[in-house]
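What follows is a set of notes on a single structure, which appears directly below.
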Amino acid sequence: MSIFQLLARDGAARRGTIRLPRGTVQTPAFMPVGTYGTVKAMSPEELKTLGAEIILGNTFHLFLRPGLEVISAVGGLHRMMHWDRPILTDSGGFQVFSLGALRKLTEAGVQFRAPTDGHMVFLGPEESMQIQAALGSDIAMVFDECTPHPASYEEARVSMELSLRWAARSHAAYAGPGELFGIVQGGMYADLRRRSLAGLQRLDFPGLAIGGLSVGESKVEMMQVLDDLMPHMPADRPRYLMGVGTPEDLVEGVRRGVDMFDCVMPTRNARNGWLFTRDGVLKLRNARYEKDVLPPDPACACYTCQNYSRAYLRHLQRSHEILGARLNTLHNLHYYQELMAGLREAIAAGRLDAYADDFYRRRRAGSLVGA
């Protein structure tokens, strides 16, 4: 039985649910990123209040610090984090890809020096599956190679075929409590993406992700990959666009049939003083906000906007106060969760195009863009 239930469609966009043992996730969904077992500056209770039903943990970083021995000793990742809802863990493939020349790639896997202390580490499909099983992931991801950009056709083909072989090994090795998703690779090449998808479908994964995007390609290239690939994705499985992205990326991904997203953008930008609003991005360091008594977004119902001014948040940002990072993060995650809720409601009502038109109209007309 599929873990995905389709509730409504509007064009290619889907409104549905993903049923997991620790809870049901309403889709389209955005997953806040908790790299080291914490969504930076947020408590689990705050995440729940904001509407987060699933978060992302990072296999690579958690394996290196605090390590599986510590996580197992305290009862697993959920108990350690005090989070009783679903967690998706990535496989570590993207982080290994990010090491560049510091890694040695073979058919068996990847050898690299740990950025924490320099000791040699080997990570392959079997090791990644063992780690994710020990973490107790509700959704684990196959170990893959993130195809670099730009890549020639031959480079993308070789990388994609390696990822398919690793997917088969991941599938055979995984014995965790959760679901295991496959990852479509193939760079910017439509036929390679379709070949990757076909190979993954033969392994019958309960969900499929689109990897290898948001790695330096243009927005036009990203959307072209989705336009080529999404019509071929199975309708009865959740579809996860990895590491993407901006509010515009979320709207366009949903319009093309994506169900799940994750990105560090709302939390990272919050720490840098960039706040997402319905009218664009508010950059707190701009001197125009020095004496501004308005909240970041007067129409926003989040705790930050209900209680604090742009002037105060700017002061906290310039003073490097921890409270500023917390208030900014709370606002940005509220914005992202509200955006997803609005998209879900629009799909259910059959008015997604009107919702998207209003989204872009407000951002074009807003006085905050580039501020």
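Cβ coordinates come from backbone N, Cα and C, glycine included.
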From Asp138, Asp144, Asp259, Asp262, the one annotated by Swiss-Prot with Asp90, Ser91, Gly92, Gly93, Phe94, Gln185, Gly212 for substrate: Asp144
Binding-site annotation, Swiss-Prot, Zn(2+): partner of Cys300, Cys302, Cys305 in His171, His232, His331: His331
The annotated region 'RNA binding' range in Swiss-Prot, which must be one of 82-86, 147-151, 252-256, 267-271: 267-271
Counts of helix, strand and coil residues, the region 'RNA binding' (267-271), according to DSSP: 5 helix, 0 strand, 0 coil
Neighbouring C-beta atoms (10 Å sphere around the C-beta of Gly92 (substrate binding site)): 26
Cα separation, Asp262 (active site, nucleophile) to Cys300 (Zn(2+) binding site) (Å, whole number): 22
Shell of the substrate site beyond Asp90, Ser91, Gly92, Gly93, Phe94, Asp144, Gln185, Gly212, same chain only (C-beta within 8 angstroms of their C-beta centre): Val96, Phe97, Met141, Val142, Phe143, Glu145, Cys146, Ser163, Ile183, Gly211, Met242
Of Asp90, Asp144, Asp262 (the recorded positions), the residue whose Cβ has the fewest other Cβ atoms within 10 Å: Asp262
Tertiary contacts of the region 'RNA binding' (243-249) (same chain, 6+ residues out, Cβ under 8 Å): 94, 211, 213-214, 219, 222, 261-263, 265, 276, 335-336, 339, 359, 363
Using Cα positions only, nearest of the recorded positions to Gln185 (substrate binding site) (Asp90, Asp262, Cys302, Cys305, His331): Asp90
